[in-house]
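Before any comments, here is the structure.
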Amino acid sequence: MTLIGWFQIALFCAVVLALVKPLGAYMTRVFAGERTILSPLLAPIERGLYRAAGIDARHEQTWLGYGLAMLVFHALGFVSLYAILRLQDGLPLNPMGQAAVAPDLALNTAVSFVTNTNWQNYGGESTLSYLSQMLGLTPQNFLSAATGLALAVALTRGFARASSRTVGSFWVDLTRCTLYVLLPLCIGLTLFYVWQGMPQTLGASVDATTLEGARQTIAVGPVASQVAIKMLGTNGGGFFNANAAHPFENPTALANLVQMVTIFALGAAMTNVFGRMVGDERQGWAILAAMGVLFLAGVAVTYASEAAGSPVLNGLGFSAGNMEGKEIRFGIVASALFAVVTTAASCGAVNAMHDSFTALGGLIPMLNMQLGEIIVGGVGAGLYGMLVFVLVALFVAGLMVGRTPEYLGKKIEAKEVKMAMLAILCLPLMMLGLAALATVLPAGLAGPANAGPHGFSEILYAFTSAAANNGSAFGGLTGNTLFYNTTLALGMAVGRFMVIVPALAIAGSLAAKKTLPASAGTLPTHGGLFVGLLVGVILIVGGLTFFPALALGPVVEHLAGAAGQTFAAGG
């Protein structure tokens with residue numbers, strides 16, 4: 001570890017923190033329907049969209065109506081994307097003549113992008129046409145991200161409102177998120193990335209002659225526009241198979257920094273939106289502080305592990321750090337920081353191969369996802385996931401003192417706690433249950449390229465990433481099989497919607513309650529004590545669930561490496 005490395009980490013954190021208040025203030029005005037700097041340009045478009053769709057912007061929905069609208073919308077998105085992938089060989093904008101995507105891979109890909117996971121069992125430049133990338137994947141990148149923001153706002157309204165039957169309009173929230181937040185920022189980011197050297201073209205791949213005289217095909221395409229939303233919307237699906245390790249997808253150190261910042265920007269700002277909407281910004285800062293504690297701890301462990309290098313090689317006298325699977329132009333610190341950022345948010349983009357990290361260096365990205373993607377998390381999804389843990393933390397505190405817990409003047413009762421636990425428990429059920437299934441079936445055991453604990457880690461990481469809607473992977477797993485395409489699709493769908501629906505039920509229940517004044521026995525939820533309680537509950541309730549599985553994978557791999565033991569390749 002070096003001073004320059006820690007300076008890079010500090011610079012990243014400073015830039016993200018500087019964006020929290022201005023972005024939070026702007027998005028609060030957007031969600032409240034107030035006038036913004038873009039209203040003269042976008043308000044007529046917004047009204048036109050409502051008229052075309054027959055939507056009354058003043059009509060709000062109950063939590064059930066909001067949820068049903070969301071589910072129907074996503075079902076239609078899945079069908080349309082699946083159809084594009086299956087028919088791409090007969091559709092235009094296919095200069096490289098890509099064949100139709102196989103049914104099981106199309107299923108996996110459609111579920112992946114609709115759920116904001118962007119797990120990719122294919123290489124983008126060798127499998128998909130430009131039309132599939134632009135008309136199929138990119139709209140889902142926008143809409144799945146906007147859905148996460150909309151749902152976070154709906155849950156926030158549950159805390160902010162009193163004696164209300166409604167939590168907002170899904171159609172209005174979705175439109176405003178896309179039109180006023182995602183689209184303008186992505187246009188600016190696309191221009192920036194083109195300036196940095198990313199391709200943005202509809203032309204076919206370029207044939208070039210190398211210095212050795214060999215012919216090489218260089219894939220290009222509408223890269224910059226897809227990278228803009230894949231990072232801002234915490235989607236993570238790469239245009240190229242190498243994702244952000246590809247020089248056309250991450251050409252410079254400045255582009256690398258901006259991509260990391262945009263992964264966190266909206267998720268961090270949503271904590272400020274929450275504070276503003278409930279009338280106490282300190283509540284948002286407390287939630288962000290809890291996220292920050294977990295994030296910085298993860299960065300420190302990952303950076304230290306990668307800088308220390310492999311225990312096996314260290315025992316042989318080599319101590320240059322672990323550069324396997326990393327771009328030399330980024331180095332250890334930028335690779336480690338990117339890995340923690342992309343898994344703390346539900347992004348999944350990578351600028352290094354996580355499968356090549358040390359055992360402890362790979363454990364932290366996996367643990368980030370297993371906690372439920374609540375360390376900033378996906379746009380919107382991180383906030384509503386963290387608020388679920390807030391309710392559980394207050395319930396635990398209430399048990400310790402023998403009184404009904406309260407949060408922002410709302411009593412937290414049995415219904416809210418049951419819904420919160422349902423949202424929390426569905427993730428380990430999918431992550432551990434499907435991983436266990438894969439370890440006992442021949443089709444599952446055929447996937448990992450490594451034997452021993454690292455092979456198990458590859459399986460566990462895959463289902464963890466799918467259920468957490470992250471999309472990153474340990475690349476040693478062969479995932480493009482019928483077994484993995486279908487089971488991963490199941491994990492992605494359950495991990496997305498079985499968290500969303502309970503969160504909306506909580507929103508509806510809280511919105512209907514009256515707001516009570518704080519009393520002498522009310523636990524302050526804006527100070528260090530509450531931040532510590534929240535972090536502790538997250539680690540105990542969320543983290544300990546996975547300790548036995550982690551002990552069989554990265555933990556035993558690290559201990560074996562420290563003892564000089566290695567495992568042969570092959571499943």
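Glycine residues also receive a Cβ, built from the backbone N, Cα and C atoms like all the rest.
What Swiss-Prot lists as transmembrane segment is 3-23, 64-84, 135-155, 179-199, 254-274, 284-304, 330-350, 357-376, 421-441, 488-508, 527-547, and the listing cites sequence analysis.
In this chain, the transmembrane segment (488-508) touches the transmembrane segment (64-84); three or more CB pairs sit within less than 8 A of each other, excluding pairs fewer than 6 residues apart. Contact check: the transmembrane segment (357-376) against the transmembrane segment (3-23) gives fewer than three Cβ pairs closer than 8 Å, residues 6 or more apart, which falls short of the contact criterion.
Within the chain, the transmembrane segment (179-199) has long-range Cβ neighbours (under 8 A, six or more residues past its boundaries) at 26-27, 30, 36, 38, 42, 45-46, 49, 142, 145-146, 149, 220-225, 227-229, 231-233, 247-249, 251-252, 254-255, 258, 262, 266. Note on the transmembrane segment (254-274): residues 11-12, 15-17, 19-21, 23-25, 27-28, 31, 145, 149, 152-153, 156, 159, 181, 185, 189, 192-193, 196-198, 227-228, 231-234, 244, 281, 283-285, 287-288, 291, 330, 334, 337-338, 341-342, 344-345, 347, 349, 351, 376-380, 382-383, 387 of its chain, located 6 or more positions outside it, place their CB under 8 angstroms from a CB of the stretch. Contacts between the transmembrane segment (421-441) and the transmembrane segment (527-547): present, as 3 or more C-beta pairs lie under 8 angstroms, all at sequence separation of six or more. Outside the transmembrane segment (284-304), and at least 6 residues removed from its termini, the chain residues within Cβ reach (under 8 Å) are 1, 5, 9, 13, 20, 24, 268, 271-276, 332-333, 336-337, 339-340, 344, 357, 360-361, 364-365, 367-368, 371, 374-376, 382-383, 386-387, 390, 525-528, 530-531, 534-535, 538.
Panel annotation: around the transmembrane segment (488-508), residues 62-64, 66-67, 70-71, 74, 107-108, 111-112, 115-117, 119, 121, 151, 154-155, 157-158, 165, 167, 372, 381, 384-385, 387-388, 391, 415-416, 419-420, 422-423, 426-427, 429-431, 434, 462-463, 466-469, 479 of the same chain, lying at least six beyond its termini, place a Cβ under 8 Å from a Cβ of the stretch.
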